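As written in Swiss-Prot, here are the features:
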BINDING   77-90, 288-300  NAD(+) binding site
BINDING   97, 107, 135, 225  substrate binding site
SITE      142  site 'Important for catalysis'
SITE      192  site 'Important for catalysis'
BINDING   225, 249, 253  Mg(2+) binding site
């Protein structure tokens, strides 16, 4: 009997393929390490629409609310492009985030030494890179009211509202400082306090939270435009970057390209603690459903595997096991194993999705 519950939502496109490799790793932890999980599986996105006419059923939503963690593969694809907006596959993902109130989006950007030459930047700038961007996910300009397009006089006007409350900023700040304590004890908060009132409030609240509870963590502030420049100029100066929804959306994609491949990038979205002390949580690879390679065995499963490693660390407090899994991934890459997305100009023979999963399991067992 285990007290660790996990809901798997493979989704669409390459989602089921990469999730199958995570299943191998879950099975290995159970058989080799005695660390078992109560795993259930359900449909989301286009797969749920095909079966039920909606991208996420109420029953699946209820299940997601009750487990310790949700692990999602990918949603969407061209087959669903003409659906009504309300039932598009992506609406299932957005409903999960909204109803679980997953306000802290964690986007790591880590460059394994074996892949440093795949970055668009010089090896010496990115080799050894390991930063974490915490993006506030449920407020800000994407959600603020009023919003919309209307007519004033003879022209159309588009309006979006950047709005943050103290509570929304403070809970994101707490998450960032707690995260830094697990890492290298540094937080850089990014906003535009020089031109935006929401940025002024953001900086004030972050300072207040820091002064009250996290004096041991080094805090700095940076305007977000300078932050984007610094991510490209000298990314290794950062540990944890804390920022709002809009800037986080932009900065995390910028940081993603420092690492060489979207197929390598995991993410976590965390909410408030549940009764058992574990945060509500959903983990997913950053990459999409990749319909162009679906069913061909070409997908890179590493982002999904590293998303499970994040679940081990942040939902199940199994940091040593997360490090073991991340080390296995790094070791496989150091040995030269590459899926198609990681093939360099010198060519070579890529391995399949399944072969990559098998290689990582073999390293875990070594």
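Our numbering is plain: 1 for the first residue shown, then up by one each step along the chain.
A Cβ is built for glycine as well, from the same backbone N, Cα and C atoms used for every other residue.
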Those residues of the chain, 6+ apart, with a Cβ under 8 Å from that of residue 294 (NAD(+) binding site): 13, 14, 17, 77
In sequence order, the binding-site residues (81, 135, 290) whose C-alpha falls within 10 A of residue 249 (Mg(2+) binding site): 135
Distance [Cα-Cα, Å, rounded] between residue 142 (site 'Important for catalysis') and residue 298 (NAD(+) binding site): 34
Residue pair residue 253 (Mg(2+) binding site), residue 192 (site 'Important for catalysis') - Cα distance, angstrom, rounded: 19
Length of the line joining the Cα atoms of residue 290 (NAD(+) binding site) and residue 225 (substrate binding site), in Å: 31
Residue 77 (NAD(+) binding site) CB neighbourhood, other CB atoms within 10 A: 22
Shell of the Mg(2+) site beyond 225, 249, 253, same chain only (C-beta within 8 angstroms of their C-beta centre): 224, 228, 246, 247, 248, 250, 251, 252, 254
Among 97, 107, 135, 192, 298 [recorded positions], residue with fewest other Cβ within 10 Å: 97
From 97, 107, 135, 225: binding-site residues whose CA lies within 10 A of residue 298 (NAD(+) binding site): none
Integer Cα-Cα distance in angstrom, residue 192 (site 'Important for catalysis') to residue 225 (substrate binding site): 8
